[in-house]
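Okay, so here's the structure we're looking at.
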Amino acid sequence: MTETTKTHVILLACGSFNPITKGHIQMFERARDYLHKTGRFIVIGGIVSPVHDSYGKQGLVSSRHRLIMCQLAVQNSDWIRVDPWECYQDTWQTTCSVLEHHRDLMKRVTGCILSNVNTPSMTPVIGQPQNETPQPIYQNSNVATKPTAAKILGKVGESLSRICCVRPPVERFTFVDENANLGTVMRYEEIELRILLLCGSDLLESFCIPGLWNEADMEVIVGDFGIVVVPRDAADTDRIMNHSSILRKYKNNIMVVKDDINHPMSVVSSTKSRLALQHGDGHVVDYLSQPVIDYILKSQLYINASG
């Protein structure tokens, strides 16, 4: 497949990130490597979206702290960014709402094709530049002027870098304004972009708990967007999917990262990290990056069981 015929992917991870761990970052890396090896996808960005403060989970520290820790954790990445939208809303947002927000945002700022996982490329949803009258899809048959793959990828990369890769100094605590004027964007037929939910097998298993998830939301998340699962603790994802009629229905939309490498970070969790911090366990350096540890100690977070 050529670069332009491959599906371009943005991986979106929702969660508490209380705190964000090395395991979370490795989850992104493993998912990207796996998707690239399939030969069908190009991962062009990763988004960390911390949950709103009103989520109500015991021990959840304020979103301001969690956003800063996430920013510190990804500061050396050239493709993963932290998005504050979910935290800045008036109340808690469903995972489905967060996915839809980012899909709509990508339509506005990239102008490229955004497809649902089940939508064939001949019937795409076309992104429109904000505050601009819709124009016909590019149909110029003049080879000399028609966008090349390099031009297409360059334009998409330019737009995404403005919203996905802006890394302001943490102390200023200013994030990119999603409504900022990004200028006129070109529109293309050649690029197909999807936003996939990135999660661990624990979230996948939560889909099987009766009443925990809204079934209509599950249909959209799995049926329209699709999921990339990075298993934890050697979880049996096939068994998990067989316990949910919706997961069985859309099993082809669920990509499970499978590799032969033993990943020690797959057993790292935020809970384990908090316990290590509370008990002064030196193994915390195996769970969290040093900038995150330094911030936690400076802010005196997680020093007791209540967070």
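Cβ coordinates come from backbone N, Cα and C, glycine included.
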Exercise for the section: Select one of Arg40, Arg232, Arg239: the residue that Swiss-Prot places in the NAD(+) site alongside Ser16, Phe17, Trp92, Thr95, Gly200, Asp202, Leu212, Trp213. Expected result: Arg232
Exercise for the section: Determine the C-alpha span of the ATP site listed in the record, that is the greatest distance between any two of His24, Thr271, Lys272, Ser273, Arg274, in Å to the nearest whole number. Expected result: 15
Exercise for the section: Can you tell me which binding-site residues out of His24, Thr271, Ser273 are within 10 A of Gly200 (NAD(+) binding site) by Cα, answering none if there aren't any? Expected result: His24
Exercise for the section: Other than His24, Thr271, Lys272, Ser273, Arg274, which residues of the same chain sit close to ATP? List them in sequence order, counting a residue when its Cβ is within 8 Å of the Cβ centroid of the site. Expected result: Asn18, Pro19, Thr21, Val268, Ser269, Ser270, Leu275, Ala276, Tyr287
Handout entry: Maximum Cα-Cα separation (Å), residues Ser16, Phe17, Trp92, Thr95, Gly200, Asp202, Leu212, Trp213, Arg232 listed as binding NAD(+)
Key = 26
